[in-house]
Amino acid sequence: WKLQVFYLCFYGFMTQIRPGESFITPYLLGPNKNFTQAEVTNVIMPVLTYSYMAVLVPIFRLTDSLRYKPVLVLQSLSHVSIWLLLVFGTSVLAMQLMEFFYGVTMAARIAYSSYIFSLVAPSRYQRMASYSRSAVLLGVFTSSVLGQLCVTLGDVSFLTLNYVSLGFVSFGLVLTLFLERPRRSLFFNRWREAVLCRMLREVGALAGQPQLRLWSLWWVFNSAGYYLMLYYVQILWNEIYPATDNYRVYNGGVDAASTLLGAGASFAAGYVKIRWTLWSELVIGVVTAFQAGLLLLMTTTSNIWLCYTAYVLFRGSYQFLVPVAIFQIATSLSKELCALVFGVNTFFATVLKTIITIIVADKRGLGLSVHPQFYVYFGYFTLLAVVYLLAAVSVGIRHIRCK
């Protein structure tokens, strides 16, 4: 099993080496593809959210029953399809299809994150999860740095960078084929409909627990806003600083910095000693207000470096709360119920993200350009911060009365 875990971590690292990923938006808007900003913002990009929504539940259900490897092969095939379309596609429809495959790869991440648990005993789950997570983060960091060095120091074109990415994802597909298919699966294929209904009822009964409810709501509402910002921020950067020279685009360096800060923030969160039953609402409220301020700065500034800095801090603050939320949700749940709760939370976050995309970004809705969109996201996080802070005041008042 040690060799299998090592191979899986190596696979997780290598499949993240996609140096062209940080530069996809300037590539689409540049002379290679020459799409308009309205086409990218309001026609192409929304497909990512819709496809993720469409395939999330089927992939979530099939991952375990198919014992992981087929879904990982599907993910690798989708990665290859993405870069084939980026390199050779010329139409808006081709780019929409590329975003569809992006949605598939995102939904299929659950196969990698859960595969490792089928290889080891429960006593090793925590350590193995840290290994696999570290491998992925190291891969993302390496990929971002490699892409930035190629662009800035090597004056490599975005098209060439996408050819390099195509080579790496093709190698990732080969690695996938040599993964051993587990003899057993973890959760879902043992679920019968009656068992699943019973577990859903148990989750409904547990929803009355304040910490479980609070952090599940945080997961739904904040992650929806976080990923919308993530999807559209490259378009914002291009509008603030429409660089004509490849070497003046620093998306890869910014992604590397944000990945590094996010990893550090996640690690630091494990050592924060707080009485979470009392201070959770206040901490969430303060962090969310901070994020709202960063979004306002990103929206109003004309300095690309200020926008970059705000983006890095925004991602770091979100990643700081993720392990806290995982711990607070998982504390009072069994392993099976924990998986179900995270699946339900992710599903509702995706539904919310889809609704916002339809209203705000899609050309069939308001079809807003990127700056007005970020004003909407600023208002969204401001409203969340106010709700959390009011909840913190209410908790404080109840605590004082109890004393």
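Cβ atoms are placed via backbone N, Cα and C, with glycine included.
Since we're looking at a predicted model, the values are computed, not measured.
Noted in TrEMBL for the protein shown:
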{"type": "TRANSMEM", "residues": "43-60", "note": "transmembrane segment"}
{"type": "TRANSMEM", "residues": "72-94", "note": "transmembrane segment"}
{"type": "TRANSMEM", "residues": "134-154", "note": "transmembrane segment"}
{"type": "TRANSMEM", "residues": "160-179", "note": "transmembrane segment"}
{"type": "TRANSMEM", "residues": "217-237", "note": "transmembrane segment"}
{"type": "TRANSMEM", "residues": "249-270", "note": "transmembrane segment"}
{"type": "TRANSMEM", "residues": "282-306", "note": "transmembrane segment"}
{"type": "TRANSMEM", "residues": "312-330", "note": "transmembrane segment"}
{"type": "TRANSMEM", "residues": "337-361", "note": "transmembrane segment"}
{"type": "TRANSMEM", "residues": "373-397", "note": "transmembrane segment"}
*Could you give the residue numbers and ranges of same-chain residues that sit at least 6 residues beyond the transmembrane segment (217-237) on either side and whose C-beta is under 8 angstroms from one of its C-beta atoms?*
22, 24-26, 29, 37, 40-41, 45, 48-49, 251, 284, 288, 291, 295, 298-299, 304, 307-308, 311, 314-315, 318, 321, 325, 329, 342, 345-346, 348-350, 352-353, 356-357, 361, 370-371, 373-374, 377, 380-381, 384
*asked:* Let me spell it out: take the transmembrane segment (337-361), skip the flanking residues so only those 6+ beyond its ends count, and list any with a Cβ under 8 Å from a Cβ in it.
replied: 41-42, 45-46, 49-50, 52-53, 56-57, 60, 114, 186-187, 199-200, 202-203, 206, 212, 216, 219-221, 223-224, 227-228, 232, 326, 329-330, 367-368, 373, 376, 380
*Honestly, do the transmembrane segment (134-154) and the transmembrane segment (43-60) touch, with at least three Cβ pairs under 8 Å and pairs 6 or more apart in sequence?*
no
_Under 8 angstroms for C-beta pairs, at least 3 of them, ignoring pairs fewer than 6 apart in sequence. Is the transmembrane segment (160-179) in contact with the transmembrane segment (72-94) by that rule?_
yes
*What parts of the chain pack near the transmembrane segment (72-94), using Cβ distances under 8 Å and only residues at least 6 beyond its ends?*
15, 18, 20, 24, 27, 33, 35, 39, 43-44, 59, 101-102, 104-105, 108-109, 111-112, 115, 159, 162-163, 165-166, 169-170, 172-173, 175-177, 179
*Restricting to the same chain and to residues at least six past its boundaries, which positions have a Cβ under 8 Å from a Cβ of the transmembrane segment (282-306)?*
214, 218, 222, 229, 233, 236-237, 240-241, 274, 276, 313-314, 317-318, 320-321, 371, 374-375, 377-378, 381-382, 384-385, 388-389, 391-392, 395-396
*asked:* Which residues of the chain, 6 or more past the ends of the transmembrane segment (312-330), have a CB below 8 A from one of its CBs?
replied: 211-212, 214-216, 218-219, 222-223, 226, 229-230, 254, 257-258, 261-266, 268-270, 272, 276, 280, 283-284, 287, 290-291, 294-295, 298, 338, 341-342, 345
